[in-house]
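**Q** Structure provided below as structure tokens; questions to follow.
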């Protein structure tokens, strides 16, 4: 007598992910730095406070580690970074598109700065392994943050400014050490990025 054919595998295990928010969040955080999409991941993943907190903690850890770095943490040239100071009165009076543009441009410039720092460290005469690891992690994190902001609609809002609106040029300055670069990175995440995402997420919940 022929035995019955085994049942076909189902997708129930995979479809159970949306029923486990904590597991889905963990999977999203693991795959985001690799640039891999996560089936069922919420489009506004950055609205989960734990996500942004993770990147802020990484940035502050990198700043603390490089604070005592005496060798191999100075750059052979100055690197341009965004100004992270926030005038809260001015910020609240800014149009949503202007806020998005300032954050989007700042994140792009910060990404360029970290990449430039990565290249300078790699070409240093005596490269230090620990700072290099933190720079590599920052490069990956900034790519993930860019994807998260794009999913939140920041790029679309930044490009939706009317032609008659002339936003002020992005304020910048330069840094010459890895510690200063990571300090800017940390301040940007805790300041303008947190302010923008907080308001954008609240608007989406209305």
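Backbone N, Cα and C atoms are what each Cβ position is placed from, and that goes for glycine too.
Okay, so Swiss-Prot annotates it like this:
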SIGNAL    1-40  signal peptide
DISULFID  47-201  disulfide bond
CARBOHYD  64  N-linked glycosylation site
DISULFID  69-73  disulfide bond
CARBOHYD  78  N-linked glycosylation site
CARBOHYD  123  N-linked glycosylation site
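For each listed feature, how buried is it and what is near it?
**A** Under the three-state DSSP scheme, residue 201 (disulfide bond) falls in the helix class.
According to DSSP, residue 64 (N-linked glycosylation site) is assigned to a helical segment. Taking Cβ-Cβ distances under 8 Å and a sequence gap of 6 or more within the same chain, residue 64 (N-linked glycosylation site) has no neighbours at all.
Look at residue 69 (disulfide bond): DSSP puts it in coil.
Its Cβ placed at the centre, residue 78 (N-linked glycosylation site) has 10 other Cβ atoms within 10 Å.
Other Cβ atoms within 10 Å of the Cβ of residue 123 (N-linked glycosylation site) number 9 in total over all chains.
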**Q** At the level of the C-alpha atoms, what whole-angstrom distance separates residue 78 (N-linked glycosylation site) and residue 123 (N-linked glycosylation site)?
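**A** A Cα-Cα distance of 15 Å.
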**Q** DSSP three-state call for residue 123 (N-linked glycosylation site): helix, strand or coil?
**A** coil
**Q** Say you check the Cα of residue 69 (disulfide bond) against those of the recorded positions 47, 123, 201; which is nearest?
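**A** Out of the listed candidates, the nearest Cα belongs to 123.
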